[in-house]
Amino acid sequence: MTTSSNLISSDIEEYLKVHENKDMLRVLTCGSVDDGKSTLIGRLLFDSKMIFEDQMAAIEKDSKRFNTTDDSFDLALLVDGLQSEREQGITIDVAYRYFTTEQRKFIIADTPGHEQYTRNMATGASTCDLAIILIDARHGVQVQTRRHSFICSQLGIKHVIIAINKMDAIDYDQATYQKIKKEYREFAEDLSFSDVRFVPISALKGDNVVNESPNMTWYPGSTLLKLLNTVSVEQDRSESFRFQVQYVNRPNLDFRGFCGTIGSGEIRVGDTVATLPSNKESRVKSIVTFDGELEKAVAGQAVTLTLEDEIDISRGDMLVRPHDKPFSVSHFEADVVWMTEEPLCVDREYAIKVGSKSVYGYADAINHKVDVNTLEKQSAQQLALNEIGNCHFAVTEPVQFDAYDTNRSTGSFIIIDRLTNVTVGAGMIRNPIEVKSTKAHEYSEFEIEMNALVRKHFPHWGAKDISKG
């Protein structure tokens, strides 16, 4: 493998130091079936000189074995790792690939295009900053293009590059490119993207992927890789300090630290913080890491914080700025992606996990589900596998969160089946719900005892605990 940096051959330690300090961009690729997502990632890796010689030899061998292309080798096989993917020529699982340029590091998630793998795509999109949505130049904007764009919008991705692929198949026709560009812009007006860019490419031939295309001199913009290198996503990240405690570290009587990853914002030694839900305040005494103590820590860093005062803090509690607190309520509105065969039912109790805080809760109403192909809102009594819906949730105790649109790290949650411990859904919190206090229904002693027996002997019914109101 060759690299664009000469440091790797002359000074490996300096190369690693420079590499560590590069900005990280998480990228999602999605589009209709056979639009060329895996081939595009393979082309990025190949033209960036990020492929080992033994990998190339293996790909040439597999290309002949699976007959996936008429060329000597199929770049898509760099990404399609599952046996069933290679045999069918499609992507099923979310495949992650890593590469670096002089400007930044990349993690690329190659997600499946088929509707039955919507949950896989949602999983890949949940951590990405930017999406590359591929459109086949021969077919234009398809139903799956709309579905993937909607899911990206729902999951908070603000930056989108529309890569109009297979331009070689239409003789690099500018009019077709402009027509597709206009059609997508009209469709995307209702979505929450803040930055949409277009680039005509041929992943198979390499046009406008890493190198400029001599076949499309009419295109004045940048190549795909240049767009990836220059897009700025810093302004999308919340500046509010959020630190959720994952573990209380007490190795001896003289040390009590609170371990976790900073979700957003930054913290310095001496800063005043408030603990939630107790609302007690203290100051940061030290910021401890494996490599030693720090004066300052920022979003994404895993650290241990110690405080000047002895405050009762447990796993799931949150440290924030006293003047900048999140919502803390037990009822909220959320969009949910359902991920299992057994549907989401109203009033069935689940384990709800917001960050490291675990509570029990249920959907007390499904406001609507969304047809991901037409974006039409439909009434629903339940959510089936791969469906997306808007629900009202009630949990047993207040949880601390920000709206997902403003802070993805604290505005997301997962839904867990209490019996199997399987993650059955993923949610994005949109708004808190203020519940007007009303006189609680008075249950008889017999009803409470019967409810307790049902929950004990028939837990799979998912009955609520009526003794808690």
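Placement of Cβ uses the backbone N, Cα and C atoms for every residue, glycine included.
Pulled from Swiss-Prot:
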BINDING   31-38, 110-114, 165-168  GTP binding site
REGION    31-38  region 'G1'
REGION    89-93  region 'G2'
REGION    110-113  region 'G3'
REGION    165-168  region 'G4'
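If one looks beyond the region 'G4' (165-168) by at least 6 residues along the same chain, the residues whose Cβ comes under 8 Å of a Cβ in the stretch are 31, 35-36, 40, 134-138, 177, 200-205, 207, 215-216. Counting every protein chain shown, the Cβ of Gly31 (GTP binding site) has 25 other Cβ atoms within 10 Å. Residue counts of the region 'G4' (165-168) by helix, strand and coil are 2 helix, 1 strand, 1 coil (DSSP-based). In this view, the densest Cβ surroundings among the binding-site residues Asp34, Lys37, Thr111 belong to Lys37, judged by other Cβ atoms lying within 10 Å.
When DSSP labels each residue, the region 'G1' (31-38) comes out as 2 helix, 1 strand, 5 coil, counted as helix, strand and coil in that order.
The secondary structure of Thr111 (GTP binding site), as reduced to three states from DSSP, is coil rather than helix or strand.
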